[in-house]
Amino acid sequence: MSNHPKITSAHQNVEEKLRELQERFCHLQAARKEGRHGDLALLEAQISQNIREWQAELTAPSPESSLLGEGISQFLEEFAPLLKLDEEDDATSTLKEHAGAKPDPEGFSQSLCPPEWTSENFSQSPFNGNFSCGFEDALNSTETHGQQLHYGYEGFDPSINSAPDFHDQKLSSNLDITSQYDYIFSEVRQELDNSPSTKLDSSEEIDNFAEFSTPSSVRVPPSAFLGPKCALWDCTRPAQGSEWYLDYCSNYHGTLALNEDSPGTAPVLRPGGISLKDNLLIDALRAKTQGKNVGIPVCEGAVNTKCPWNAAELFHLELVEGETIREWLFFDKPRRAYDSGNRKQRSLPDYSGRGWHESRKQLMKEQEGQKRSYYMDPQPPGPFEWHLFEYQINESDACALYRLELKVGNGKKSPKGKISKDPLADLQKKMGQFKVASDKPSPPTKGRKE
């Protein structure tokens, strides 16, 4: 076995990067199954960044690459484009430039490595959910290779059982980024099958296979859901983090909560409405009062200093096609006009109407909180209707959670007061009752006898 310190360091670096990449893929798989589209976008960006950093390290000169000579440099130059995720279209990217007009599969695989390496096969298992990366000794080729490192990725899409044909398959230009990940990694596996392995040996024997299973944040026992939940406001998974993200289900959600409620952030926007029950919003408010980051920003005076339709920097009002409701979430200090249980109103300086008018107060005994509902009185001209919901908890009045709702109405806005459909009919009815009462014979009176 080689005791070269730089090779040992390189081996550990590769192991850590593979471990991190595998964990992010597990989170990506879980987010895809649970339909968390916001999480998918951020995870895809993180995976893309990790791969670009890895690509930069591969192409950077190092003592190990200089020892291996020009062969490995040529291999890395051919391998680096496979890690590029920012190509506009795979069908027109530089991946096809190596094949020529009529690509020959055998010739293409031979061009990736020197002739003296072509007889050596890269140890690779079928891509059925587990992939392995073999590292052999490049400096001491006569010594025996240690135990292979197997990195099993159980969370990967099992439908990918074989690599697509690199030369014949054509990708459409509207592939989503997750499909491009699957395709690119399948191509990498196919090219590594036809190329030599980079021989880097560890200085110590590995007792057990370094097999990765789905992280505990993806698979949890049912009893864990009865304990504390993830502090991210729209996540219902249990909090099973470690180190700095103890209050979250994963380090990804911890980072997401920290980024999305940072100062200066616009309110949380949800086209189509917020499909969460009120108890989860109360939980988010309670976690905020406990000093946790929940992914909802603080926006002081967002709906009290001016009308929401005049605050374009906070509330984006361009609805998408077919959208009938849009909601925003943010924290703010409770206003004095909302403290009383009586129905009150709060005027707005840029609106001639009465402003926000309280319509309902709901006590949430199980959650030890309350919810107040407001409507804009009167509603502004046009098809839009504005509603505001305020959530508070009994143990703290430091802040309140506000949910602002924009709803597309049917154009028929009726006043909130109860008005009779036909006032004339009511008047005639009352007059009829009075007439009947007046027609009744009066009791006889006794006259004085003369």
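Glycine residues also receive a Cβ, built from the backbone N, Cα and C atoms like all the rest.
Residues annotated as region 'Disordered' in Swiss-Prot: 91-115 (among others).
For 95-105 (among others), the entry in Swiss-Prot reads compositional bias 'Basic and acidic residues'.
Positions annotated as region 'VOZ' by Swiss-Prot: 221-418. The region 'VOZ' (221-418) scores a mean pLDDT of 86 in the predicted structure.
The annotation zinc finger is assigned in Swiss-Prot to 230-253 on the grounds of sequence analysis.
Here Swiss-Prot flags Cys230, Cys235, Cys249, His253 as Zn(2+) binding site. For Cys230 (Zn(2+) binding site), the same-chain residues that are 6 or more apart in sequence and have a Cβ closer than 8 Å to its Cβ are Thr236, Arg237, Pro238, Ala239, Asp247, Tyr248, Cys249, His253. In the three-state DSSP scheme, Cys230 (Zn(2+) binding site) falls into the coil class.
Mapped onto DSSP classes, the region 'Disordered' (339-374) shows 0 helix, 18 strand, 18 coil. What Swiss-Prot lists as region 'Disordered' is 339-374 (among others).
Taken from Swiss-Prot, the feature compositional bias 'Basic and acidic residues' covers 355-371 (among others).
Taken from Swiss-Prot, the feature region 'Disordered' applies to 411-450 (among others).
The compositional bias 'Basic and acidic residues' annotation in Swiss-Prot covers 419-429 (among others).
For Cys235 (Zn(2+) binding site), the same-chain residues lying six or more positions away in sequence with a CB closer than 8 A to its CB are Lys229, Tyr248, Cys249, His253.
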